[in-house]
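Engineer: As listed in TrEMBL for this protein:
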type	residues	note
COMPBIAS	7-21	compositional bias 'Polar residues'
DOMAIN	75-470	domain 'Major facilitator superfamily (MFS) profile'
REGION	1-23	region 'Disordered'
TRANSMEM	73-97	transmembrane segment
TRANSMEM	109-128	transmembrane segment
TRANSMEM	140-159	transmembrane segment
TRANSMEM	165-190	transmembrane segment
TRANSMEM	202-223	transmembrane segment
TRANSMEM	235-255	transmembrane segment
TRANSMEM	276-299	transmembrane segment
TRANSMEM	311-331	transmembrane segment
TRANSMEM	343-365	transmembrane segment
TRANSMEM	371-397	transmembrane segment
TRANSMEM	409-429	transmembrane segment
TRANSMEM	441-465	transmembrane segment
Amino acid sequence: MPRKENPSSIEHSQRFSTKSQNTKDKFACENLYTDGTPASEIGSMEKYEEVTRKRNKTEAIKGKIRSFSKHQFYVLATLCYGNFCIAACVSLQAPFFPREAEEKGATPSQYGLVFGVFELTIIVASPICSKLLSHVSPNFLISAGLFFCGTTTILFGLIDRAPSGTPFIALSFTIRIVEGLGSASFMTAANAVCAGEFHDQVAMALSTLHSFFGIGLIVGPTLGGGLYQVGGFSLPFAVLGSLLLLGIAQVFFFLPQTEWSKEEKSGDFFKLLANFGIIANSLVIISSLLSIGFNVATLEPHLRQFDLKGGVLGTIFIINGGIYAFTTPIFGWICDKGVSPKLLCMFGSFLSALSFLFIGPAPFLSFSPELWLIVISLLILGLGLSAKIVPAFYCALRETIKLGFPDDFSTKALVSAIFSSSISIGAFIGPTLGGYLLEHFGYRSATVIIFIEECAMLLLLLIQVKSEKRTFTRKT
């Protein structure tokens, strides 16, 4: 005799059968769900809903990946190329320019200032470029920046034919100032476009952009040292300058016209700088680039005691940028996952301080300089830099929106200008201070100053975190 079905069981089965049938076409399989669970093993509505939640979560992740459009890909690829070339041009002379400058009668303080004046120009020009973004196309500023950087890089390769002394130094300063104008134009527009195009993945997009900057720092000294051995002083600058000029064609053909509005008015640059959080984030970036600039001007004289060849010397210079390039996307991804960017900045400051304690090593340590210790210190420094730079920009952008600034392109341009200026302040102070300290105190004593600066940065971040916690507690 047939078994009599329970009415509630029949109703339950009908509901379940209807839902399963509705999903049949979407899964393209009657008996297998997206997580591999056979329908026969589901057995209850609760299990069905659990499987559905997993499917929806998977599809949401896939949808987010698919949302990275062709337009965004071209934007990021073009900006990464320009960032790579500019970084390579900035760093390519590090293995050989100090020696050439000394042969032309320049002191460490003077050629350190030649490195630094490039960044000083960016400090002044970046706020101006952010204001220009309210009146001209970002694509125009990007193209103009590549043109000035490429042309001046080629011209810099000809200064070895200038007379020694004042003419050589004056020409070096003039060319680097114009190159700084081009870099300010490109960097301010590029960071603003990147922040505007990637609304939901700002940290990841910026970390990718700055990874290519790090790769440029790698390739620059290596390519510069190799080409210098092959063709002398002019060849490295001619090759890298030509690559920059090639970037103009890439912008014309491959960079889509980004969305911007002349109706948007740029915010108050100095009003934003009055906020303690913005100041702290700016100082994080300044300290990071100060570390890089310091080694650009001083590490090569310190390495002369090991009597290294040009290719090996160039390889030593790529370590710092290499670690920075390959670990920056990791920290950008961590930021997008919700980890506190301030904690990452504190971690980066700790690593940077540790690096400068041993790279000399500091005079109060009992052991002498060792090449393997310098290499390990540069590895640690690269990791510390990647933990600070992108998280600091990400944090500054969030602070700006919290202060009531509109979440539009003009605000992103303003934060980008502060970011570019902070980079350049650090990169100006680094080689300038480094050249002076190297000339008067030597490399080992000079690294103690940078070690103290990084410790002070770590203390400032701790104070900021404590202050924000007290403010939050009072409000709640």
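Don't overthink the numbers, they just go from 1 along the chain as shown.
Cβ coordinates are placed from backbone N, Cα and C, and glycine is handled just like the others.
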Engineer: Taking a Cβ cut-off under 8 Å, which residues six or more beyond the ends of the transmembrane segment (276-299) line up next to it in the same chain?
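Structural biologist: For the transmembrane segment (276-299), the far contacts come to 91, 94, 98, 108, 111-112, 115-116, 119, 217, 316-317, 320, 345, 348-349, 352, 355-356, 378, 381, 385, 388-389, 392-393, 395-396, 399-400, 418-419, 421-435, 437-438, 443, 446, 450, 453-454, 457, 460-461, 464, 467-468.
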Engineer: Which listed range (165-190, 311-331, 441-465) shows the maximal number of Cβ pairs under 8 Å with respect to the transmembrane segment (409-429)?
Structural biologist: 165-190
Engineer: Report the mean pLDDT of the predicted model across the domain 'Major facilitator superfamily (MFS) profile' (75-470), rounded to a whole number.
Structural biologist: 84
Engineer: Name the range, of those listed as 73-97, 165-190, 343-365, that has the largest tally of Cβ pairs under 8 Å with the transmembrane segment (441-465).
Structural biologist: 343-365
Engineer: Apart from its near flanks, which chain residues at least 6 from the ends of the transmembrane segment (202-223) lie with a Cβ under 8 angstroms of it?
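Structural biologist: Same-chain contacts beyond the flanks: 76, 79-81, 83-92, 94-95, 190-191, 194-195, 236, 239-240, 292, 311, 313-315, 317-318, 320-322, 324-326, 328-329, 331-333, 335-336, 341, 382, 386, 389-391, 393-394, 397.
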